[in-house]
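According to Swiss-Prot, the protein has these features:
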- 4-183: region 'Large ATPase domain (RuvB-L)' (REGION)
- R23, G64, K67, T68, T69, E130, D131, Y132, R173, Y183, R220: ATP binding site (BINDING)
- T68: Mg(2+) binding site (BINDING)
- 184-254: region 'Small ATPAse domain (RuvB-S)' (REGION)
- 257-335: region 'Head domain (RuvB-H)' (REGION)
- R293, R312, R317: DNA binding site (BINDING)
Amino acid sequence: MIEADNLNVTSIITDYNPIVDYRPKKLVDYIGQTNVREQMKIFIQAAKMRGDALDHVLLFGPPGLGKTTLANIIANEMEGSLRSTSGPVLEKAGDLAAILTNLEPHDVLFIDEIHRLSPVIEEILYPAMEDYKLDIIIGEGPAARSIKIQIPPFTLVGATTRIGSITSPLRDRFGIVQRLEFYPTKDLQNIISRSAANLSLSITDGGLSEIAKRARGTPRIALRLLRRVRDFAEVRAAGKITNNVAMNALNMLNVDTAGFNFMDRQLLLVIINKFLGGPVGLDNLAAAIGEERETIEDVLEPFLIQQGFLQRTPRGRIATAEAYRHFSLKQSRDI
């Protein structure tokens, strides 16, 4: 139940503000994630033909793959507004109620890190997601009474890097569940090319390829690297990004040919050198490299595992033969 006096939306919701934002606004402009894009196109078109709100959508996968961008696209395609918040910000039932009661029909509510919602907030979400209703408490003590408030039909888009941490009752209320995968190099080249054009940058195919290869399959990283390579090119190469310029800039940034940064290399080399290739438990590994276990699980490991440099086993993490080859090291034993 929600106390009516606690409905204050100001500090917990932000209208989407596309200031100097070149991210795609429509599905037709969305690069990559072909299966997700085609499925969402059908689901959105069907909902619009019926005049309904789109079913609630759960997006999961490693960080930086476009979950927020896709939420904005859904709002645009449904001709509604996007309201954004995150799981940790929603601390009280009144926080969520304030957001929901300010929505318009077919608006999209985007909750990032939805796996971090408190049980109290989840309980409020259930009737809102299923019946578009809220339970509100009016008054106090013996005179208090509960009323149900109808809210407009809306779409909840939840994003998470840890789908296993979402409770089953919440997960089961999402009609559409989509996993975002790491991007192939070609798709990243197209994303970088479009961003470079928007920024009026001069970049060759070789420059595009070099940045894309080192971007860990992640658009967010690709665009961050593009901005840093742009800085390097403006200072040392008259603003033109060629293969050699991109290579020199990325080497200076300590991003190697596999896309590894300092932390990636440290993680693998600690397993190889200190733990003889593994297996090593997550807690020991976190202590050895001075990182939180959540950072290792959510940020570092997914790409290393997907690319075949690291294995998770019941006994712990193991550096693969591919990791040894990358560092030109000899395995002390078979893996």
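In case you wondered, yes, glycine gets a Cβ from its N, Cα and C as well.
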DNA site residues R293, R312, R317: biggest Cα-Cα distance, Å?
14
Please report the distance from the Cα of D131 (ATP binding site) to the Cα of T68 (Mg(2+) binding site), rounded to the nearest angstrom.
25
Nearest recorded site to K67 (ATP binding site) by CA-CA distance, among binding-site residues R293, R312, R317:
R293
Spatial separation of R317 (DNA binding site) from R220 (ATP binding site) - C-alpha basis, Å:
27
Three-state secondary structure of K67 (ATP binding site) from DSSP?
helix
Output the one of R312, R317 that, of all these binding-site residues, has the highest number of other Cβ atoms within 10 Å of its Cβ.
R317
Just to be sure I understand the packing, how many Cβ atoms besides its own are within 10 Å of the Cβ of R293 (DNA binding site)?
13
For R173 (ATP binding site), which residues in the same chain are close in space, meaning a Cβ under 8 Å from its Cβ, but six or more apart along the sequence?
H56, L125, Y126, M129, E130
